[in-house]
């Protein structure tokens, strides 16, 4: 692997800085969320320690994803896709059950979630499919991509992991919209999708239905499905302007907050750091997203642009859904907040994806190594013209 | 080569406008989130801070023991024992359904029932307050739950005083029982919370406010799993006031056992105060069962019992008073000045009024009968002619004045008033005028007339104490309350008392006679159905058609005076059935008759 000196030179420093900053904020927050108070002070913060380890693993993963030329993914897309399908299909058979769901594959000393791998795969396959032509999507291409995306999403949803499969589909939807749909496709979808969406209701589990109903009226079931929403709002709201201070959040420290180290990490943060802290966190996330987005905008080629756009949407939806949920603006769906929520696989994948964006970003000024890759589709397009 | 090739620009996936739009959307989204944070943390921050405090600090009710109930000599009748209830704190529960299923498995209470209870409590009890799920759990079950409770956050064992009636059925109709407050009671009394016990029957119901006391309040700091970190009392609970009854426990036991196997009631009064010394109803029921919550089967068994053990026969059942009523009619005639006690009527065994013939209980007749003989031998014919002369208006007015036709006002719920018929009542009830023949039936305590044993006892007490109608009272410290006076002169009263003594001496109440005390009595045999002209032996008549047996009596020995009234449903003859029971009661009150003691000594 030859590395151009300019590649290092063009490293996207703001993105790296924002990523590390978010990770640090998240880790500190996890310390507070998971700290176990013994007689004299804080004794253990198990999630914090593990998260630090995962952070280091993630940084390594990020470096790996930065170094080789991302265009190689173009050729790897399909093999990766079928491997992912195999892994996902193996989960219901060999997976271990945690909280009533089979999401993990045990690999000796560590276990991982194939649904995390699926995120990278969808991104790569999506970028490859979408970058073939420059013009807006027609029916054929659109349906094919939807079909391709549905396969892993369906395998994830039966685990059951509604959050992850939703994430996969939204990611795909994001980059499809990023490329654009032909007018006639857009018109038909604008009619069909709102009509079909309510049918999805019948495929939801009871608890999922309850969450949606509860979202519409949380007081309806203040201690069933509404509990999370109410408790997280109490935690955040009671932080007020300046927050209660690090490790001082009574709601999280007295363990009123459920899932406070995973999906509801922001509630812990909001309680301890207040409105001021939350604004800073929001700014960090906004800059982080903008930084990824500008990489997509400025990418050297369409494949790279779609890869970066995919990563953008991957993070964008998670932030939107998680914060929306914690703030009581959306139904409760188990989606983590990047770098804030505890999670080994997620953290690793997050860093790898940032590595991928760096990869695209760093090479935006270099010549195309693989011209044929870029122009094959365009030539065909041009010849058609 | 330029850094950005032409083709790259051309082939850029998204149009420029779209790119800008996406950036604007991101900013808008984050602005919206920021706004939401502002709303929650700054605008509503104070509210949420208050809620956060409330989350950690819960207020818990501390149950106050109910006042104890004692008999007149301090014997304990109703006490409190610590009992265990299973409560649920919804806020701490992880999975409501699974938790309820577990409880259902432990207690074998159907899941649906528990779930119904939880739903009912949802609106009434704050999520972080305890909702009593199972009001009473057995000790064996308690240890099982206690050891498994850690896996089921939100379940709590609550210790609270449970009412225990030491004597159970013996005093069930006096004490009543407590059970969980119902919808209506919860609405009426804001101090009650779901699962609280309130008096439902008897004294428990009537003097609920005295007995209940005030719950205390405890502040408990908890974490989210409901684990208690600290607790301190804010308000001490105040135990309910204890109450001493005028009931004499050994007497009650005696009377209760005398009625064993029968259906009927006994009341023993202190004639000079109206205090109730004994109030017995048979059959009875175990009032302890209610505190634990009756099962459907238990309840149905009680309800469908042929002799209805829930019925307090002393105050809630009314019967034709039979010949006991003749005391009143005699009083009425004397009071009206329409009667010369020495004047006689001839009893041939029947009395003719128009075309109807009214029979005396004694087929062959009593011959010449004056008032004394009429009462002592309970001659129907004598009273037929009195009834004819007095008429319904006089008799009913007098009967009301003697306390019949209305509840006595004893501190027990659901007391009946009985029935004193009047012309107006008959018009109202049957839309028919009063017939002359009905005066005759009225005069011997048959026909429409209905009274309960306590009314009879109060009347007898008034005859004995100089004419005062006291409100029957169960509470030892209550001042006697005179409700009125029977309209009867001293001389006439004595005359009637004398007739009662004679009745014991050599009349229908001979069975209660004893040499060492002055006893007066009047028996009554109240017809349930008209059985034609033939008088049959009780054994030959189906139970439900047998006559009710009455005995109204009083006794005096030294300065001890008592009124004893006994009524045995379908008991047959008053003298033969109620008599021996009353005799035994006086034996208990006055001791063994001295003559007999002396006799055995010789």
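Just so you know, glycine gets a Cβ as well, placed from its N, Cα and C.
Predicted automatically and left uncurated, TrEMBL annotations should be read as such.
Computed from a predicted structure; not experimentally measured.
Feature annotation from TrEMBL assigns transmembrane segment to A:12-31 (among others). For the transmembrane segment (A:12-31), the residues of the chain that approach it from at least six positions outside its boundaries are 45, 47-48, 51-52, 55, 58, 62, 246, 261, 265, 268-269, 272, 281, 284-285, 287-288, 291-292, 295, 337-342, 347, 351, 354, 357-358, 361-362, judged by C-beta separation under 8 angstroms.
When Cβ-Cβ distances below 8 Å are used as the criterion, the transmembrane segment (A:51-68) is approached by residues 1, 3, 11, 19, 23, 26-27, 30, 342-344, 347-348, 350-356, 358-359, 362 of the same chain, each at least six residues removed from its ends. Look at TrEMBL and you will find A:51-68 (among others) tagged as transmembrane segment.
The transmembrane segment annotation in TrEMBL covers A:80-100 (among others).
The annotation transmembrane segment is assigned in TrEMBL to A:142-158 (among others).
Counting same-chain residues at least six beyond the ends of the transmembrane segment (A:164-181), those with a Cβ under 8 angstroms from any Cβ of the stretch are 113, 115-116, 118-119, 122-123, 126-127, 130, 136-137, 142, 145-146, 149-150, 152-154, 156-157, 189, 296, 306, 309-310, 312-314, 316-318, 321, 333, 335. If you look up TrEMBL, you'll see A:164-181 (among others) marked as transmembrane segment.
Annotated transmembrane segment per TrEMBL: A:188-204 (among others), in sequence order. Listed as Cβ neighbours of the transmembrane segment (A:188-204) (distance under 8 Å, sequence separation of 6 or more from its ends, same chain) are residues 162, 181, 212.
Long-range Cβ contacts of the transmembrane segment (A:273-294) within its own chain (Cβ-Cβ under 8 Å, at least 6 residues beyond either end) map to 12, 14-15, 18-19, 21-22, 25, 236, 239-244, 246, 266, 308-309, 311-312, 315-316, 319, 354, 357. Per TrEMBL, the feature transmembrane segment maps to A:273-294 (among others).
According to TrEMBL, the feature transmembrane segment maps to A:306-333 (among others).
Summarising the annotation, TrEMBL assigns transmembrane segment to A:339-361 (among others).
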